Amino acid sequence: MTAQTTHTVDAVVIGAGFGGIYAVHKLHHELGLTTVGFDKADGPGGTWYWNRYPGALSDTESHLYRFSFDRDLLQESTWKTTYITQPEILEYLEDVVDRFDLRRHFKFGTEVTSALYLDDENLWEVTTDHGEVYRAKYVVNAVGLLSAINFPNLPGLDTFEGETIHTAAWPEGKSLAGRRVGVIGTGSTGQQVITSLAPEVEHLTVFVRTPQYSVPVGNRPVNPEQIAEIKADYDRIWERAKNSAVAFGFEESTLPAMSVSEEERNRIFQEAWDHGGGFRFMFGTFGDIATDEAANEAAASFIRAKVAEIIEDPETARKLMPKGLFAKRPLCDSGYYEVYNRPNVEAVAIKENPIREVTAKGVVTEDGVLHELDVLVFATGFDAVDGNYRRIEIRGRDGLHINDHWDGQPTSYLGVSTANFPNWFMVLGPNGPFTNLPPSIETQVEWISDTIGYAERNGVRAIEPTPEAEAEWTETCTEIANATLFTKGDSWIFGANIPGKKPSVLFYLGGLRNYRAVMAEVAADGYRGFEVKSAEMVTV
């Protein structure tokens, strides 16, 4: 057994994606705190380190899927296409880490196994899988929204003689060319990997549980003139993003869908379809697609007509035809529906013909058909938002375990803190904003850094939200969510993709502009809703 070594630092950061990288930069370089970051991966990148599957792509345009805090970095950066790929995102984050000399502040290949609050000392004791113990006044959790893998339990899976791969653990450089491949999952990741694999595999069997609404991503090359134009306009672009709802950079519509003729609606939808982008289609066409059922049905009907038009075989089109509300995180693709016109691609509708078992040779469906496979790919997503927290032993005041605190549903105050866990902050915690992530991450990390700076200047021993403030924020998030159509569908954004998990509100759906205003008001009001413990308050 490895002997424990204890270190003392000011702050521990867990995770090395966008949030962890920025948190270490802010706490060390700007606040001057001794800071150490941990990530179980062997390098920076967070979810983009692990998700190396073919076709991995951000659905945010390249110029906005990055940090805005360094103006010089924005001007020096470049990109090749409208949307940024996984290898490019990983390269970008590695460049940021090296640019700010952050690598020496991270311990990669190191997993945090526990974080225990020591009440008498007002310190956190963080233990790693290497047997090291770190004591710190502050802990910033940047473990990511989408990193706790969801792996379905299929009968007989352990008997399969082929390979099984989860998209979030794709072996680097792994090719499936010339092989018989099955894919389970048709969300964003599933669509990307299906579209990428189809031209190169011998045969592709897609097991479709819930057909998805999706629109073209519209990824296209960009030229130096277009990049120069964006760089010249970056101040306005970022100002608009941070003062919008979803922060994707486009102008969000306020026009009610039913206020125009059907002909005009379809013209607007077609224009968005041709341009590309899932969030743009949902929030840039009309202002009420996510809140009004008639408007939503107009959008859904338009997409269903496209599915029928694109997929040539009527039976395949039926299997892939989405039904009900267009009310999940909006998807976009690089030719997903077109893939099913290929002779080597087959769709199996597993709601009407469920998977009975996995055998040595493949997947058997309820109709008795054996779908012979060499490889079974799981694009089954994540236990989003709180999943990673629950996999670490986290205990706050009086030994309270995070799983007990979050019994029933995960909660927070403002998406960044939770009662009974002093000096413990979260980036993209429960009930944070539902947006393009980098602007939200910057908002939260800057707020956390400002709060820690406030605590340091004022001799604050411990700061944590009151249970009442947390309950009020949860109610606010619930009320906003209930005013939308999102709550009427099963989606990972409510935890509905995890068997046995009670669906609950996991996001603040009020938009980034409103969220930033609330955060600023709370700080300006002396950290309203927080219990601040200090010997003497000296300066704000």
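Every residue gets a Cβ built from N, Cα and C, even glycine.
Cβ neighbour count for Arg329 (NADP(+) 1 binding site): 16 (other Cβ atoms within 10 Å of its Cβ, all protein chains included). Here TrEMBL flags Gly19, Asp39, Thr47, Trp48, Trp50, Asp59, Thr60, Tyr65, Val112, Arg329, Leu437 as FAD binding site.
Residues or ranges marked as NADP(+) 1 binding site in TrEMBL: Asp59, Thr186, Ser188, Thr189, Gln192, Arg209, Thr210, Arg329. Annotation note: Asp59 (NADP(+) 1 binding site) sits in a strand segment as assigned by DSSP. Note on Asp59 (NADP(+) 1 binding site): other Cβ atoms within 10 Å of its Cβ, all shown chains, come to 23.
A helical conformation is recorded for Thr189 (NADP(+) 1 binding site) in the three-state DSSP classification. A simple way to gauge crowding: the CB of Thr189 (NADP(+) 1 binding site) has 25 other CB atoms within 10 angstroms, across all the protein chains here. Positions annotated as NADP(+) 2 binding site by TrEMBL: Asp59, Thr186, Thr189, Arg209, Thr210, Arg329, Trp492.
Residues annotated as NADP(+) 3 binding site in TrEMBL: Thr186, Ser188, Thr189, Arg209, Thr210, Trp492.
Within 10 Å of the C-beta of Thr210 (NADP(+) 1 binding site) there are 18 other C-beta atoms, taking all protein chains into account. Among the binding-site residues listed here, namely Gly19, Thr47, Val112, Thr47 has its C-alpha nearest to that of Arg329 (NADP(+) 1 binding site). Comparing CA positions across the binding-site residues Gly19, Trp50, Leu437, the one lying closest to Arg209 (NADP(+) 1 binding site) turns out to be Trp50. Cβ neighbour count for Thr60 (FAD binding site): 23 (other Cβ atoms within 10 Å of its Cβ, all protein chains included). With a 10 A radius on its CB, Thr186 (NADP(+) 1 binding site) counts 23 other CB atoms from all the protein chains.
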